[in-house]
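Lifted from Swiss-Prot, the feature list:
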- H178: active site, proton acceptor (ACT_SITE)
- V17, D38, K43, Y68, G82, V83, S104, V121, S122, N123, S146: NAD(+) binding site (BINDING)
- R91, N123, P124, V125, D126, D151, T152, S153, R154, T233: substrate binding site (BINDING)
- K156, H171: beta-D-fructose 1,6-bisphosphate binding site (BINDING)
- Y224: phosphotyrosine (MOD_RES)
Amino acid sequence: MIREKTNKISIIGAGFVGSTTAFALMQDGLASEIVIVDINKDKAHAEAMDLAQGAAFVKSVDIKSGDYADTKDSDIVIITAGVGPKPGETRLDIINKNLKIFKSIVPEVVKYSPNSILLVVSNPVDILTYITYKLSGFPKERVVGSGTVLDTSRLKYMLSEHFDIDARNVHTYIIGEHGDSEITAWSLTNIAGANVDEYCKTVCANCDGSFKKELPEKVKNAAYEIINSKGYTNYAVALAVTRIVEAILRDENAILTVSSLFEGQYGIDNVYLAMPTIVDRSGARQILDVPISNEEKENLIKSAEILKGHIANSELD
């Protein structure tokens, strides 16, 4: 009897994002084994127990907590551990706090799962993904950040609300940093095959284009608005992470705006940024050299320089 290959996923961090991601993965039936690791072992144990007791309602999955040794031979290791921005802080304000945490996490993950794909979710995600790449010694394809997959979903949702259509029929991308310097790629935005400006003219008698100024700011501020009200974000980001995991494990060749290592694309080098990228079983297979506008390219380069500056001033070395 030939047994189907099992998929083992480990999640480092049992906070709001980590535990909700475990729930989303469990619901989606992507993994046969999920291991949750956290410095607070009681918290990790409780989250795993709570999830495991719903096993009768989902596809067969073994959910448990443990230490790094229990993550051995994981296919994907998702890193959600770290401190999040407090009200009034930006993602970039917490670099060195999370860098210290990552210096303790990444070597342990690499030790036990040297062939895994590392999926970084903790913020600032682009910088921490670059740091993970440097600390792990893994090939660039196997170190992936969640990038702007969530931001892109937020924009699709907002455009769908604006035009009163299904979000799945909106095609657009947020590129660059997952943060304040991110760029809305309006040049790549289309609905029903029509550029968003042309589509707007066909459905709106008074299309002044103001949404192109308003919605990007709403996307940038969405997380801060949620954090100010409930203290954290967890649901949408967990769904975004699950979508990335799905693309990897199912070898989809899906195009997602994950954070990938730039090596000369658009004149940018040696920094992780979000860009439409082919995601398959190898991880982030290829950044697509899509035709963005000159203004978008200039802003992408500025975004890269901002991140490089923060990396240079970090305590990486």
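Cβ from N, Cα, C; glycine included.
Within 10 Å of the Cα of H171 (beta-D-fructose 1,6-bisphosphate binding site), the following binding-site residues from the list S122, S146, T152 place their own Cα: T152. For the recorded positions R154, K156, H178, the greatest number of Cβ atoms within 10 Å around a candidate Cβ is found at H178.
Annotation note: K43 (NAD(+) binding site) sits in a helical segment as assigned by DSSP. Between the binding-site residues S122, S146, T152, the minimum number of other C-beta atoms within 10 Å of a residue's C-beta occurs at T152. Here the CA atom of S146 (NAD(+) binding site) lies 8 Å from the CA atom of D126 (substrate binding site). You'll find the Cα of S146 (NAD(+) binding site) roughly 14 Å from the Cα of R154 (substrate binding site). Reported as a whole number, the C-alpha separation between R154 (substrate binding site) and Y224 (phosphotyrosine) equals 13 Å. Spatially, by CA atoms, the recorded positions P124, K156, Y224 include one closest to S104 (NAD(+) binding site), and that is P124. Per the record's binding annotation for NAD(+), residues V17, D38, K43, Y68, G82, V83, S104, V121, S122, N123, S146 show a top Cα-Cα distance of 24 Å. Its own atom aside, the Cβ of the residue listed as 'phosphotyrosine' has 17 Cβ atoms within 10 angstroms in the protein chains shown. Checking the binding-site residues (K43, G82, S122, P124, K156) against H178 (active site, proton acceptor) with a 10 Å Cα-Cα cut-off leaves P124.
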